[in-house]
Amino acid sequence: MDRREFIKSSAAAAACSAAGIAVPSSLSAAENQDGWRWDKSACRFCGTGCGIMVATKNGKIVAVKGDPLAPVNRGLNCIKGYFNAKIMYGEDRITKPLLRVNANGEFDKKGKFQEVSWKRAFDEMEKQFRKTYAELGPTGIGVFGSGQYTIQEGYAISKLIKGGFRSHNIDPNARHCMASAVVGFMQTFGIDEPAGCYDDIELTDTIVTWGANMAEMHPILWSRVSDRKLQNSDKVKVVNLSTYSTRTSNIADIEIIFTPHTDLAIWNYIAREIVYNHPEAIDEEFVKANCVFTTGPVDIGYGMRANIKHPKYLPSELDTAAKEKSTVLSENEGVTLAYLGMKAGDTLENKSTGAPDKHWIIQYEDFKKALAPYTLDFVAKLAKGDPNEDLEEFKKKLKALADLYIEKNRKVVSFWTMGMNQHTRGVWVNEQSYMVHFLLGKQAKPGSGAFSLTGQPSACGTAREVGTFSHRLPADMVVANPKHREITEKIWKIPAGTINPKPGAPYMKIMRDLEDGKVKFVWVHVNNPWQNSANANHWIKAAREMDNFIVVSDPYPGISAKVGDLILPTAMIYEKWGAYGNAERRTQHWRQQVLPVGDAMSDTWQYMEFAKRFKLKDFWGEVKVDGKLTLPNVLDKAVAMGYNPENTLFEVLFANKSAMKFSSDDKIMAGYDNTEVFGDSRNVVGSDGNVFKGYGFFVQKYLWEEYREFGLGHGHDLADFDTYHKVRGLRWPVVDGKETLWRFNTKYDVYAKKDNPNGDFSFYGNKNGALVTGDLAKATSKEKEALKSRAKIFFRPYMDPPEMPSKDYPLWLCTGRVLEHWHSGTMTMRVPELYRAVPEALCFMNEIDGNKFGIKQNDIIWVESRRGKVKARVDFRGRNKPAEGLIYVPWFDENVFINKVCLDATDPLSKQTDFKKCAVKIYKA
């Protein structure tokens, strides 16, 4: 071990020690590495996108370490990263399909799980799928997808569901984490994903975190922030805005604890400070050339059920549910909505729930007028989150925050994650971040920009770029656009008219439709929907007590697997080939390192095997979707294209002529397993009852090269498959082999330069866009004004959330993650070292509240809302330090099933759930 490796190992050991975790053996000392094969890969966990080096010997993973050549993490890992390999070897890893059966071996929803063959599993799955499709059509099936799909997995399942089955009822768990960011991007820029990159950290003077505990959720990025702060601590400033105190505050110059939901008001305060008190700070040249001012309706509801008296609601839920129809304006809303002629006590009827994304161009003077109420005095009283903090001190913090943004030559990066996205006005608050940066001309520049951080490893690369959302197609295209469907049908080589023009159900609607009997077949991939969805009691009851069939592809028996009817054992990250796309648009590929455990097979294999079970004639004839829409018969067109109605979906969508051009004799695979291509030495008996010998063509390369056709020449360009196996990722668009660091800036982005050769910026996502004009209340014209590659500066008001603390439920509840565990803990709770470090989810709370409710440190309490209750252990002294009036409970622990308590309200535009705020009471268990 050389000095460099020794230093890195020492740093890793220190990190483990600080977390109370045993050091991985591969880092504890220099080891004999004879016969080890090291290869680059990617970390399985968050959206940072760290590079990993994986060592194998004799078909086993013997070590993992940070990749010193990876520009993201530069050889470092967080504590989860060092245990990437161990997630694959939990004692209860599922190795064979499991089906609920009765004593006679027949499927029985009330039966017990029993090991079955792949053939038996697929036979039952096919039977149940056909039954549901015949009864309910394309809307009767549902797929819970993931921001943890590999890119090829997401592309394959989208092609099967959208192109083969003609359904769009597929939605990823990224709906829970990034949907508000996506809609914010699309509404503002006309194109998805951040303008900047991680290089901004080393170039900026100011890092402001909004609802982003980067120290735990993006720890490697936070190490880069810390390094930047230490380089010049006097000039570089860090501000942390949060609803409770976190580790991210440890290096912050300013910590601002605000009341949940009032980030909306704080952004407007900053904008008001710019517009009214520092108009000289407005970059008028930038704004005039590159922006238009816009607004939209406020009567949009809260993304709950339209039927406010739905029979499945508990009586205790009805008062919150009623706010979907109308709300009585509070004193604060009377101030913030005065520009619409409204006042406190007025009833706001939510008439725009059907078109919450509608918006129009307004004049700058309208924009300025709407900001008028957001004075320092008003916002400070509204937003101060710690009742025991002095109001004048809080005002000083808000003023200092605004001053940092406004300072003439100061570079500023605003980072956010779930605090802004998991929000019933998440799209609005995303748009507000761009509002401030645009006004100051501090966007799409090195070291300056509003930067949405992704939570999952491929929420960007798969869920967003591939388009596994219920309304999307690859490369930012949408299913409702006829031209986009036409492009997709041509690339997929399927008949015109095959793709359903009606978007499918988003994540929470699939759950609600399951409860209502409108969805009866669900397939779960790479996530844990029955643990990760708010108001979980409803959905568990629906899964177990109704006439439906739930398939869960999973390596472990998490909550979703336990409520399912069929569990399919799934290969994990280093047991398959794959690719992820991270938060800075960096795409990274890896090779299969080892064989899957037991009879587990990859998700891609499962999709392709399922596709073998169905023929074109089963779905490409006339298909009734609902009372208003019938899909056309496209079989004649298919025959004209050279297909036969007897062809399987596998033959047409996957094992087609184009796919066969990708040879199994490819040097990229030399010396590596590829189970999908060759089969493997396990001789797994596949879905047809025969030993699976491989597909005989380079599946992953074919899927990649077909997928990249969508983005070429359209600002989403990706490199070819082979290139990614030679580099440590590339940030798209990749044009002529060169990655793009700052989009929309003509110095760095060839698309911006092409669109505006004589200017500095082009927000070309809006090149062909147009909007009607109006005033603050409504659109007043019918004629549209061309956007001409200009971005939008939105005005969005503060409004209360649908549920706030009251006499009966006096506390705010916030949920989230912890450093040591990933999401629902299905993988990390099975790593002994991580489990020992944090074996249970605690209820972090302020001791003042403890004294108020007669609760002491380590007491077991009930946390109860209108929807349900759970037990948790109290911690007054832990890493998370809420102010009086708020508790924080992470959701990784299935024994502290906090999503039984949470409210399933969503942002009406993005359909993303707000996990960050609901009202609860606590008492001793």
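Each residue, glycine too, has its Cβ placed from N, Cα and C.
Annotated features, as they stand in Swiss-Prot:
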{"type": "SIGNAL", "residues": "1-30", "note": "signal peptide"}
{"type": "DOMAIN", "residues": "36-92", "note": "domain '4Fe-4S Mo/W bis-MGD-type'"}
{"type": "BINDING", "residues": "Cys43, Cys46, Cys50, Cys78", "note": "[4Fe-4S] cluster binding site"}
{"type": "BINDING", "residues": "Lys80, Gln148, Asn173, Cys177, 210-217, Met418, Gln422, Asn528, 553-554, Lys576, Asp603, 815-824, Asn899, Lys916", "note": "Mo-bis(molybdopterin guanine dinucleotide) binding site"}
{"type": "BINDING", "residues": "Trp891", "note": "substrate binding site"}
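Its own atom aside, the Cβ of Lys80 (Mo-bis(molybdopterin guanine dinucleotide) binding site) has 22 Cβ atoms within 10 angstroms in the protein chains shown. Counted within 10 Å of its Cβ, the other Cβ atoms near Cys46 ([4Fe-4S] cluster binding site) come to 28, all protein chains included. Listed in chain order, the extra residues whose Cβ falls within 8 Å of the Cβ center of the [4Fe-4S] cluster site residues Cys43, Cys46, Cys50, Cys78 are Phe45, Thr48, Gly49, Asn73, Asn77, Lys80, Gly81, Pro219, Ile220. Considering only the binding-site residues Cys43, Cys50, Trp891, the residues lying within 10 A of Lys80 (Mo-bis(molybdopterin guanine dinucleotide) binding site) on a C-alpha to C-alpha basis are Cys43. Of all the Cβ atoms in the protein chains shown, 23 others lie within 10 Å of the Cβ of Trp891 (substrate binding site). Secondary structure at Gly816 (Mo-bis(molybdopterin guanine dinucleotide) binding site), as computed by DSSP, is strand. DSSP assigns Trp210 (Mo-bis(molybdopterin guanine dinucleotide) binding site) to a strand.
A mean pLDDT of 97 is what the model gives for the domain '4Fe-4S Mo/W bis-MGD-type' (36-92). When the domain '4Fe-4S Mo/W bis-MGD-type' (36-92) is classified with DSSP, helix, strand and coil residues number 8 helix, 20 strand, 29 coil. Among the binding-site residues Met214, Asp554, Glu820, Ser824, not one has its Cα within 10 Å of the Cα of Cys46 ([4Fe-4S] cluster binding site). Put simply, the residue listed as 'substrate binding site' is 6 Å from Ser824 (Mo-bis(molybdopterin guanine dinucleotide) binding site) when counted between their Cα atoms.
For the recorded site, Ser824 (Mo-bis(molybdopterin guanine dinucleotide) binding site), the DSSP three-state label reads coil. Ranking the binding-site residues Cys78, Trp210, Met214, Met418, Gly816 by the distance of their Cα atoms from the Cα of Trp891 (substrate binding site) places Gly816 first.
In terms of C-alpha distance, the listed binding-site residues Cys43, Cys50, Cys78 place Cys43 closest to Asp554 (Mo-bis(molybdopterin guanine dinucleotide) binding site).
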